[in-house]
Amino acid sequence: MKTRWREGNAVRLLENGEEYYPRAFETIRNARRSVIVETFILFEDPVGEQLRRALIEAADAGALVDLLVDGYGSPSFSAEFLGSLVEAGVRVHVFDPRRRLLGFRTNLFRRLHRKIVIVDERVAYVGGINFSEDHLADSGADAKQDYAVEVTGPVVADILRSSRALLSKKPENDPPPGDAAADGDACVAFIERDNRSHRHDIERHYREAIRNARKRIVIANAYFLPGYRLLRELRNAARRGVSVRLIMQGQPDMPSVAAGTRSLYRYLLPAGVEVFEYCARPFHGKVALVDDEWVTIGSSNLDPLSLWLNLEANIVARDRALNKALHEKLQGLADGQCRPVGDEAMSAGRWFRPLLGVVLFHFLRYFPRFARSFSAGEASILRVSRNSRELAEDYPMPGSVAESPEAARRDEPAQEADQDTAPTTAVETDRHRQGQHA
C-alpha cells in the first residue's frame, strides 16, 4: 500500500522511561476529548499504577478512554486494578486473550506488539517502550534501553485511523479533513505491519532506505534476524563505501536467538559492516537512521516474529534534527557501553558452533511462517466488563464471576431467563480479521 507522507510535523526523541513516562502521563492527564493506549506489556507495578491513575483522571475529565493490551504480554490483572479503570469509564480491551491446552498457552504468535498513545487527536507517542518498571534505569540489572517518539501534526490522523480501525474492525479509510495544522518541519509517515494489507511495509521501508544510503547506516535492534534481501542490502551498502554500523544485544535473553544472530557476523563483517554488542544492560530498542535525514523508531524488531506475525507500528521520518539526536544517542552507546565485534567472531568456538548458528538462523527464520499456518483464523479483541465470563479468570472485576462463584451460580437462572431482553452481552467481542496466508 502506498505510504502517506505528511509534511509539517514536530517530532521529539524520548529515551527510556525516564523521558517517556512523564511526557506521556502528563499528556494523558490533560486529555479532554479522547485517549487511546495500545501496549504489549502493562504490569501492576509503579509505572502501571501511574498509567492507571492518568487514565482515570482523563476519564473523569470527560475524555473517551480506550486501553488495549495484549493477552499474552499482559496476561492478567487484579480485580482492584481493572475494576477501578472500568468503573471510571475506561474501556479496557484484550487482544487475543490467552488460550490454554493442558495448562500451557497456545497463542504464542500473532501478538499485538504495538506501543502507541494518542491523545485528543493531536499528539501521539510511538516506540518500543511498554508500561512496566523495567524501562526505568533505577529498576535494577534488567532495566531496558529503549526509545520512543512524541509526534504532533498531520500524521497523528493516520495513527489515530489505524488504532480506531483495529478497535472497531472497520476497514481503514483516509482520515477526514481535520484541524491538525502544521506543527513543525518534519516529514513523517506512520507505517504498520499487520496480517492483511500491510504485511511487509516496515521491512520494505528498511530495504529502500538502505538501498539508497550514500553516507551512513546505523541500526540498533534488540532482535536481529532479518530476511535475506535486507542482509544483502546491508552488505552491498558496505561494499559501495557506506558506513554500516549495527548495535545488537550483548546480554541476550534468548540464547538461541543470539546464536542465530551471531552466525550472521561471518556474512557481514568481511564486507565492512561494523557490529557492536551493547553490554551495559538489556537492549530493547528498535531504531535506525540513514544518512542525515531518514529515521525510524517503533515497536518492530528485525526478526521473523515482528516481520511475519505480530502487529507492529513504526514512524519513519525525514528530519535532520531527529536524525542527529538519535545518532548522538547511538554514538554514545557504541563509544562507551558496547564491545566491538572483530575478527575473533570469525574463528571463535569449535567447528560445530558456526554450523549450529546457521541452523538456528534458518530455523528461527522459517518457524514463524510454519507456525502461522496453525494459528487461529481470527484474533479477537474482547472488552472487559463486570460479568465477562471469557475473561474472568485472568481479567476479573470486583464481584465478577471469577471473584464470586456462588454469586455467579445464583445469577445464572435470571440471566438465562432474561436472555432475549438483555441489551448487551457480558463480553463485547470485536473480531479483527487477520489474513493467514502468505
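Cβ from N, Cα, C; glycine included.
The following features are taken from TrEMBL:
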DOMAIN    108-135  domain 'PLD phosphodiesterase'
ACT_SITE  His113  active site
ACT_SITE  Lys115  active site
ACT_SITE  Asp120  active site
ACT_SITE  His284  active site
DOMAIN    284-306  domain 'PLD phosphodiesterase'
ACT_SITE  Lys286  active site
ACT_SITE  Asp291  active site
REGION    393-438  region 'Disordered'
COMPBIAS  428-438  compositional bias 'Basic and acidic residues'
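Feature annotations (TrEMBL) mapped to structure.
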{"residue": "His113", "record": "active site", "DSSP class": "coil"}
{"residue": "Asp120", "record": "active site", "DSSP class": "coil"}
{"residue": "His284", "record": "active site", "DSSP class": "coil"}
{"residue": "Asp291", "record": "active site", "DSSP class": "coil"}
Task: List nothing but the one residue from His113, Lys115, His284, Lys286 whose Cβ has the fewest other Cβ atoms within 10 Å; the candidates are the active-site residues.
output: His284
Message: Within the same chain, where does the domain 'PLD phosphodiesterase' (284-306) have neighbours whose Cβ lies under 8 angstroms from its own Cβ atoms, ignoring anything closer than 6 residues to its ends? I mean 6 or more beyond.
response: 13, 40, 109, 111, 113-115, 126-129, 135, 144-149, 191, 193, 202-203, 205-206, 209-210, 212-226, 230, 257, 312-320, 322-324, 326-327, 330, 364-369
Query: Between Asp291 (active site) and His284 (active site), what is the CA-CA distance rounded to a whole number of Å?
result: 23
Task: Give the distance between the Cα atoms of His113 (active site) and Lys286 (active site), rounded to the nearest whole Å.
output: 12
Field: Neighbourhood of Asp120 (active site) by C-beta distance under 8 A, where only residues 6 or more apart in the same chain count
entry: Ala31, Arg32, Arg33, Ser34, Val35, Ala63
Query: Once the chains shown are all counted, how many other Cβ atoms turn up within 10 Å of the Cβ of Asp291 (active site)?
result: 16
Rounded to the nearest Å - Cα separation of Lys286 (active site) and Lys115 (active site): 12
Query: Cα distance, His284 (active site) to Lys115 (active site), nearest Å?
result: 13
